[in-house]
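Here's the structure, in structure tokens; my notes come after.
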Amino acid sequence: MTRLYVLPQQCLLLMTCLLMALEAVPIDIDKTKVKAEGHVEGEKVENPDTGLYYDEYLRQVIDVLETDKHFREKLQTADIEEIKSGKLSRELDLVSHHVRTRLDELKRQEVARLRMLIKAKMDSVQDTGIDHQALLKQFEHLNHQNPDTFEPKDLDMLIKAATSDLENYDKTRHEEFKKYEMMKEHERREYLKTLDEEKRKREESKFEEMKKKHGDHPKVHHPGSKDQLKEVWEEADGLDPNEFDPKTFFKLHDVNNDGFLDEQELEALFTKELEKVYDPKNEEDDMVEMEEERLRMREHVMNEVDINKDRLVTLEEFLRATEKKEFLEPDSWETLDQQQLFTEDELKEFENHISQQEDELRKKAEELQKQKEELQRQHDQLQAQKQELQQVVKQMEQKKLQQGNPPAGPGGELKIQPPGEHKAGDAPQHPAGGDQPLPPGHAQEPAVRNDQLTNP
């Protein structure tokens, strides 16, 4: 059975079980010398993480849909527009009953998961400033108004949500990288402020030296050019550069033999170029920058070669690109170290934003400190009141002892001995003719009247 493998950035076909592709293997393996091993049917292959917050749900839906023969056949003949328009989603009505039942179960689990996460988020926010629209966006990949059954609308929403999210994936990565670089520079400048003039000059000199050392590297070929591909052909594949053939190159680096060069397979082609610039052993080389460089190379080739913008390169598209002038006579490629990644105004705006965040955190810290001090004050006050109460109880017990009264027990009760349990030597003190009752077991004699004394 043909398996459908999810690749993180194949945003169009990806979302409907979308593409048949294996995870790319390192490009420096010589495929001409390695015997391909077929996959065992039913063998579980781990798919790369798409980076989406509903990644697990997406994977599970794909795994279930690919088990249906009818749906799989429709997918193989569908084009991009049919998938994006929702036409393929309507085929869901024709899948087998057990597939629909399993999809229903997956949807219920996903709805329950999202509700639990949203509840936890709302519980963690004590004020009333909850962004309800942002919370509802968590449900954009499924129809939450029908939480029990998986319908064609759910598949259509899953395709559109994942397509949109992955189309913005690269943009988000670029923005995060830019923030990373600005934070590096901000921290460097803040550190320099803590140094005296002599140490600051040494640090600045060291920084410029490392910058120059990083920029001193061999020429980087233009990504996707003939020179760049021939270098891979010769050094990675171990083939004669004079026998370079674009069609053979394509088939050699279509590592899963699906007829496409996907984004991961393309990125693997740039390993040799990146090794010219970046070495993890060098202090001056930043591996985060290397991954940004890889992303830029892949985007450039996709923009030049991927005609229908499906984020896949077919053999036809690849061969057509090799006929262009840019393939034979490309412009020079500027690496990141040759570019200005941000302006001083952008850095200043970024630092202002950081300053605002620090002020907010500082205010929250001060509020928490005040709350802590108030709680400590209340605790100390309660402790003082407790000690005063204990002192009063102690004084009352001492006063009772001085007056001959029995002291109070632990709970404040009086220690009174029950009747008949007097200590030895103590006799009941009752005055003659008194009205006090006798102890139990002693019968009281009846009173004698005066007339009885005179009349025997």
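Cβ atoms here come from the backbone N, Cα and C positions, even for glycine.
Bear in mind that TrEMBL entries carry predicted annotations, made automatically and left uncurated.
Here is what TrEMBL says about this protein:
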- 1-24: signal peptide (SIGNAL)
- 194-226: region 'Disordered' (REGION)
- 212-223: compositional bias 'Basic residues' (COMPBIAS)
- 241-276: domain 'EF-hand' (DOMAIN)
- 293-328: domain 'EF-hand' (DOMAIN)
- 348-456: region 'Disordered' (REGION)
- 381-395: compositional bias 'Low complexity' (COMPBIAS)
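Here the domain 'EF-hand' (241-276) returns a mean pLDDT of 92 for the predicted model.
DSSP states for the region 'Disordered' (194-226), grouped as helix (H, G, I), strand (E, B) and coil, give 20 helix, 0 strand, 13 coil. In terms of DSSP helix, strand and coil, the domain 'EF-hand' (241-276) has 23 helix, 2 strand, 11 coil. Per DSSP, the compositional bias 'Low complexity' (381-395) is made up of 15 helix, 0 strand, 0 coil. Summarised by DSSP class, the composition of the domain 'EF-hand' (293-328) is 24 helix, 2 strand, 10 coil.
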